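As recorded in TrEMBL, the features of this protein are as follows:
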REPEAT    372-413  repeat 'WD'
REPEAT    506-547  repeat 'WD'
COMPBIAS  731-753  compositional bias 'Low complexity'
REGION    731-790  region 'Disordered'
COMPBIAS  754-764  compositional bias 'Basic and acidic residues'
REPEAT    871-902  repeat 'WD'
REGION    1049-1068  region 'Disordered'
Amino acid sequence: MDIKEEKRLSIALQITNFRTALTEFEILVERVAAQKRDERAGLFIQKEDAIDYDKFYAAVQELFGPEVKNQDAKSFYRKLCNNPDASIDWCEIFGYFSSEEDSLASQMDEENLVFLVSRKQRVVISGSRRRDVIKCIVKIPQLDLLITASQKGLITVFNSQMRVQTSTKVTDTSWITGCDYLSQLKRIVATTERTMIVWDYKAQGGGQENYFVIKPMDHCLLCVCVVSLPDQLCRDDILLGDDGGFVNKFTVNSDDFGLKQAKPKKKLQNQVLDSKNFKSVKRKLHNDWVMKIRYITALSCFGSCSLDSVHSLVLESLKRLEDNLPVREFSMPRGANTFCYCTKANVIVTGGDDKVLRLWHPNISTKPVGKLVGHMFSIMEIVMNEKDQHIISLSSSKVFRVWDIQTLSLLQVFHDSHGGPGDMQIYSMVYDSNHGMLITGSSVMDMYPLTRMVQDTKQVPHTHEREINVMLYNSYFHQVLTICSESIIKVWELETGLQIYQILDPHGFNVELTSAAINESGFLFATGACNGTIKIWDFGSGKKMKMLPEGKDWKEEEHWLRHLIFLKAQEKHQYLILTLERNGKIKMIQGKEDDMYLMVIWELPNVVPFLQDGNHTVYLRTSPKYRSLRIPFPDVELEEKNFSQSVNNPAINMEVNCIDVLQIEGYNLIAAGTLNGAIILWDFVNSTVKELYRPENCFTGDPDLDPKRFKINDILFLFRTPECARKSSQDSVCSSSQCDSSKGPQSSKGSKQSIHDSEIKGEKTVVTAEKQQPVDEKHPGGTSLIDAPPPIIVTAHEDGHLRLWTMEGKLLKNMLPFTKHSAISLTSLYTDSCTRILLTGNVEGHVILFSISSFLDPPHDEKKLKQLLAWRAHSLEIIQVIYIEDKQVVLTASIDGSVRLWHAFSGHYCGYFGQRRLLELSQISDFILPCDVNEYPVEIKEENKFTEKKQKYEYPLVFDRQKWKKMSSMSLLFKRTPPKAFEVDHDFKFFKSLSSPKIRRCALEGFMTENREAGIVFGSLPIYRVPSPTSLRFLPFIGLEAQKESADGIVGKKKGSHVQHEKMPQRRSLKRNLVPQINLASSFFPSISK
C-alpha cells in the first residue's frame, strides 16, 4: 500500500510540475506576442528586453527539458511572430506537425546509411594458392599501408591506392594464423602454427624471400600482436596467444636480425633462428584457446580473450606476465571470440558464441554496462570507427551490423552474398580510418566505403539543376535561401542541410529570378525577376504577400533587376526596397501593409554625364514631390548649376553594375560601382554626389583592349560601430582559456587563431541584398558615433585587384590576392557584423579570406591588411560567398549549380545543400575535397620578428682550410701563374678537405668603450674581443731556394765572365718557369690587419 501511495504521489507531483510549466509557457508566449504587437505599432524596444528566437528556445528548454526539438520551436515561434493574435496550442511546441515528419522521412533513404554496399570494391589476391583465404588483415595508419596474410603463406603489402607494393611466399608446411607490423624494426611478423616469421619487406632485389624463421614453439600459435611503445628504440615486444591458454611475450632486437644477413652476391636464404636465444616470458591466463590478443596503448595494458567461460577476457599490464599476481578477468557465457576498445567512450566491446555484444568498463569486470542483441549466429569479428563512434560486428553467417556506441542503437544491417556454402566465413576484418572504409578478408578482399566518403569525394555536388543566381542567409532562423536560373526557390536548414520548402515559377512560367533580399527581422524576403517584377514573400510559409506588376509599356528585359536591398523603414507598416536595374537605374519601391501592390516612389537621377567633365562633386536638392514622406533616402534632383557642365559620351558604357547601402546614425550613403571602373558615392546627409575614383583612359574606347577591364563587380562598406569596437577590446583582454572554452572546435594555425578569438558571437545583423551590414538597433539619442572612424569602401575589380578607399576617394590599399593563378577577376565580397574579416570569391572558384580588424583602425596601416587563407571551392565561377559567424562556416554558391559549406579558418569541406546525408558542421580531422576540386588550401603564415627563427636544415659541408694545410699542395706549387681562390677550391684535394662548419658555442665577450676620436656614433658601438688566431705558417716562397743556389754559383765564379755568361740563361729560365717570390698564402687565407 505504501508503494502504491508513493507512485500516486509521484504522478501527482509530475502533473503539478507540468501544469506549472504550461502556465509559465503561456506567460512567455504572451510576452512574445505583446512584443510583436509593439513592434508592429512602431514602438521602440530595448535590445536587452527583446525576446529573440535564441532566448525563446532557451526558455522553452528550461521549462520542458531538452526533448523539445529545435525545428518544432522554430515553427512555433515563426507562427507566433507572423500572427501574434492567432490562437496558440501548447501541443504545437512538441512537434505535432505532419509536414516536418514527411520532409524528414523523404530525405532518409537507403543512401543515408553508414556504408554504401552498392559501391563495394573487390580485390583478388594474385599468386595465392587454390582454396586459399585471407587469414589476417592489418592496417598501418602512420604509413598508410595494408598488410594481408593468407592461410597458405602469402604475405602482401598494399599501398594507399590498394596496389601491391611487395609480397612474399612463406614455404612452411603449417598454416599462417596471424600477422602484425614491428614499428621499431620496420619489419612484418607473422605466426604459423609452430613458428614465428620476421620478414624485411623493404629489402631490395631478391629480398622477397629474405625472412627469418624463429622456432620451435611450445604450443600452436593462434594470434599475434605487437606492443607499440614509442620509448623503445630498435626493440619490439611481440605478444603471442596459443592453444594452451598461454600468453607469450617475445622481445626482438635489431641485432638479432642484422648480423644474419646473407652476402649480396649470393642468393638470399631464409635464416632459421632458435627461439631459446630470445628473451621471452609466458603465463597461463586461460583454460582454453586464446582467440584474440591486442595491446591497448590508451590503457597501457594488453587484452586477451578466450573460449573459456570463466577467464573469458583478461585485461592487465605486461608486468603481470612475469609474476603470478591476480589479473583482471571478465567472464561471459561460452567465452569471447573477439574484442575491441573504444577510446572516446572508454568501453571494451566483446562478442562470442552467445551472439551478444557486451560493453564493459575497463575497471568494472563484474557486470557489463550495456548489451547489444541482434545477431543470429556467433560473432567472429568486432572493429571500431572511433570518429563516428560506431561498432561494426560480423557474425559467422557473413552478416554485418553497425551500432551507435552512444545510443546503443542499430544503424545498419547488410550481408555479404559472395561465394557458395563452402565460402561462408570471413576470417578477418579491419576498419581503415584514413579512407573511411571497411575491409574484410575471405577468399577475396572486399572494401565497403562509408556513404559520406562516396558522396563527398565521388559525387558531384548538386543543389539545383541550373546555375545559382542568388544565395541569402537568414540569420534569424539560421536558414539559407537559394534561387537558380530555372526560377526555383529553395529554403534549407543550415545545421542539417534538409530542405524546408521550395517554390516553383514564383513570378510566372519561364520568368527568371535574378535578385533577392531578406528584411531586417528575417520574416520577409523579396524577389526580383528579369521582367522587372518584384514580389514580397513570407519567409516561414513561402506565401506571397505583395507584388510589383509588370508595366504595360515595358520592353523585354528593360527593367532587369540586378540587385535588391531592404531598407530600414521609419514608419510602421511600411516596406522599402532599393533596386538596381541592369540599365543602371536606382529606384525605391514602397509597400504598405494594407496595400497588395508595391509602387515606385522615386528614381535616382543619372549623374554620370555630369561627372565626365572632370567635375567630381554634384549637388542635390530634395524633390518637393515626396518631401512629406519619412524615408531614409529622400527623392532628390540635380541643382540647375550642374547642367551647364554636362558632357555625354554615348559610346562609353557608364551603367552602374553594383551598389551598397550604409544606413546608420550619422551616415546615409549609397556607393555604386560602374562598368567603366568609376566609384560614385551618394551622400544624402550632405546632399552631394561624389566621384571617388575614375580609371585613366576609361572614357576612351580602344577596340584592341577588353572593354570590361575596368569593371567593378562588387562594392561594400566597411564600418565598425563603437559597440563592436568596445566588444572587440573586451575580447582582446579576455584570457585565452576563457576565449577557447566559449568557442567550438577551431583551427589553431598562425594568425587565423587571433582573428577567430576576436570574433563576437550573437551579434545582430541584417542581410541586405547578398550582403551583411552592421545595424545600429538603437534610435537617435543612443550610442554616439563621434568616436567611430569613418567608413571605408572596398571594391572587387575585373582585373583581380582588391582596392580599399576612404570617403574622400584616397586609395588606402591596392592588393592582388594570392591564389594559384594571379589576376583572377573577383566577383563577390562579404564581411562579418563587426568587420573583422573580409571574404571574396573569383571566377575560377577560389575563396580568399582576409584579416581587416587592425587595418580599419586609423591611420589604416596597409601592412595590417593580411590574407590568411585561400582555397578552391568550385571549379567554376563563384557568384556569392557568405560567412556565418556563430558556426564559423563559409557558404559558396557557383554557376555549377551547387551551394557548398566550408570551415572558415581551415578551408575544410563540410558538404553541400542537397546531399542525402545530414550535414556535419563540427570541425573534423579528416580532410576531404569534392570530386571536382584537387587543390589544397593555401595558408599565408605571418613571420613574427619577436619569435626566434629556428633553422630547420643542417649546415652543409664547407671547405676547411686548416684541414687542407695538412695535405700535399705540390700540384699548385709549380704552376706558372699564381692560382686563384676558385682554382684552389676545385684543384686542391677539395672533397677531402670538406668538413662541417665550426660554429662558436659560446657568445663573444663584449664591453662598451668611449672613443672621442671615432665620434659619438662609432665611439659608442660595442667592441667584441675575439681571441687572436694562431700565426699562419705561410707557404715557402716559390723559387727562393733556386735563387740562393744561383746566387752562390754566381759568387763562387766571379773571375770568369764566361762562367757568368753561362749562368744567365739558367736564371732566366728559372724566372720563366718557377715565378720566384710568389706567396700562395694570400690565395688561401684572408689578409689580417695587425
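Using the three backbone atoms N, Cα and C, a Cβ is placed for every residue, glycine included.
TrEMBL entries are annotated by machine, without manual review.
Sorting the repeat 'WD' (372-413) by DSSP state (H, G, I as helix; E, B as strand; all else coil) yields 0 helix, 26 strand, 16 coil.
For the repeat 'WD' (506-547), the number of residues in each DSSP class (helix H, G, I; strand E, B; coil) is 0 helix, 21 strand, 21 coil. In the predicted model, residues of the repeat 'WD' (871-902) average a pLDDT of 93. DSSP places the residues of the repeat 'WD' (871-902) in helix, strand and coil in these numbers: 0 helix, 19 strand, 13 coil.
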